[in-house]
Amino acid sequence: MTRRVRLPGDRYRGPVTKDPAAPLWLSAVLLRIITLIFAIGVVVNHQGEYAHTGLAYATVGGMAVWTVVTSVYYLRDTGKAVWFIFVDLLVCVIAMAMSRLVLTHEQLTVLAVPLVPTVWVTAVVAVGAVRAGLSGGTLFGMVVAVANYAVRGYVDTDLTRDMVLLVAIGAVLGLAATTSRQSAERLAKALRVEAATAERERLARTIHDSVLQVLARVRKRGREVGGEAAELAEEAGRQEVALRALVSAAPLESAEDGTADLRPRLQVLATDRFQVSVPPTAVTMPASAAGELAYLVREALENVDRHAGLGARAWVLLEDLGDEVVLSIRDDGVGIPAGRISAAEHEGRMGIARSIRGRVSDLGGTITLETAPDLGTEWEIRVPARRAAR
Amino acid sequence: MTEQPISIMVVDDHPIWRDGVARDLAERGFEVRATAGDAASAVRIARTVRPDVVLMDLNLGEESGVEATRKITGELTDTRVLVLSASGEHNDVLEAVKAGASGYLVKSASAEELVAAVRRTWAGDAVFNAGLAGLVLGEYRRMASGPEESGAPKLTDRETEVLRLVAKGLTARQIADRLVLSHRTVENHVQSTLRKLQLHNRVELARYAIEHGLDGEPD
């Protein structure tokens, strides 16, 4: 089994600098070239009938030059300036406006001969859509449609149909561009998370192989030597457990769908006195519920620190029963004497219990407490597993 | 210990730790027969020296201690493996136990705890801590949620009860008191949860090998 080690920040520059809409830019450029050929065909077809055939060819020539300029510009890898795209739109509108000089009045109104650029102008709508998404596409579609009305000088069903088509093309393409950028972003994010995880694993291995080994040894020997060495050993032991919990817990990030694994959020709470036991597979739940439960466990452990007596130890057990998640927090401290619970409540010692109870019922769960003098306390929190269908 | 001391082999890729543990155990009357720094030589040396108990680290560089555990417990029926790990890489511990290890002890355990765990392992008892109990409980529940006909082992109600208490940090003695059982019965329940898991694991591996033509039959 070979494991590939990736260096973060190395392979992942790709999606960031290269526009994920690059194939859409290419389509916009191709659309302009194809529609240019169509426009040339239309002019050839109508030559001699125009008011100014020469001007018609001059316009088409200008369109050809502009097609070359924009093709080069849009296919470059660098960013596409907004000003250039508006210049592009302006050029297209001018080409349409030239039709008022080229076409006879009859051609323009009664015969409905196509304007000189014909469908060539849809390419600029595509450009607006690819550059600026839904709003850009719709705006450019509107501008070209309005220019169409203005050049013709009247409004009818055919022109309105053209407008609907232009705006729709802009909107649909714009949506496609936005979607492809978003999914590229998501992919890049997933790759970053993967790289971070790999790096984390590498660090964990290194720490395990070096620092943890030495700390474990110091703790063990120090305890045997006794005296001041034993105190140092205790300190080393605390650091060892804390460090181990840190490097062994999975990252705390929530998944894309807003769920999170509860286990790592509990594992980081482990110390030399608090042990955390979890199942081998992920216990997924809404990230907010996971945060809330982790908070409750932290509160309960702080309570152990404050009230259970010096050196009391605690165990946290997380169980996933499928339809229910069970959290047990047990300590071996002094417990709460039977008659003392109400008194404790007055002292505020049970205030924490009340606040925990409120939070648990917010999650739709139940909480029970078992305690007896010198037998410690044991909390059990049961929360229904509301997970997305998998 | 009476006439014959318990023989030990220490497997760990970290020399400071390996020699320290070997010295501790030798001072307390165990016979440290060998040490090894990687999985391959651990298996090779174990075949020769046949120790009673192997103390196995799981992070051994290239090949993991899980595989070494599987080979050693598979070949040497009289040798038991006790995982001694600082890793906290929980799933590794579960895998090692499924592969045949008799238990798990954290490296930060005191010398007394280590000696007690080695004796218990040698006697055939399972060495559990709360973390391992949580993992084993979860593993049984994971298998139970699989397809019905998979033949996955199940815990009895009593075994579940005992494992939950182990996972909540109770000692075998405390569990016996609470459930009104003998200490021995509690130990047997814990052991049985491990044994069923290991048996199932071996059956699964064998089935996998046969299905994929890896069972060593010549073509």
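Just so you know, the numbers here start at 1 and follow the chain as drawn.
Keep in mind that glycine also has a Cβ here, set from the backbone N, Cα and C atoms.
Taken straight from TrEMBL:
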DOMAIN    B:7-122  domain 'Response regulatory'
DOMAIN    B:148-213  domain 'HTH luxR-type'
MOD_RES   B:Asp57  4-aspartylphosphate
Check the domain 'HTH luxR-type' (B:148-213) for me and report the mean pLDDT.
88
Take the domain 'Response regulatory' (B:7-122) and count its residues per DSSP category (helix H/G/I, strand E/B, coil), listing them in that order.
56 helix, 25 strand, 35 coil
Three-state composition of the domain 'HTH luxR-type' (B:148-213), taking helix and strand from DSSP:
51 helix, 0 strand, 15 coil
Neighbour count (Cβ, 10 Å) for B:Asp57 (4-aspartylphosphate):
27
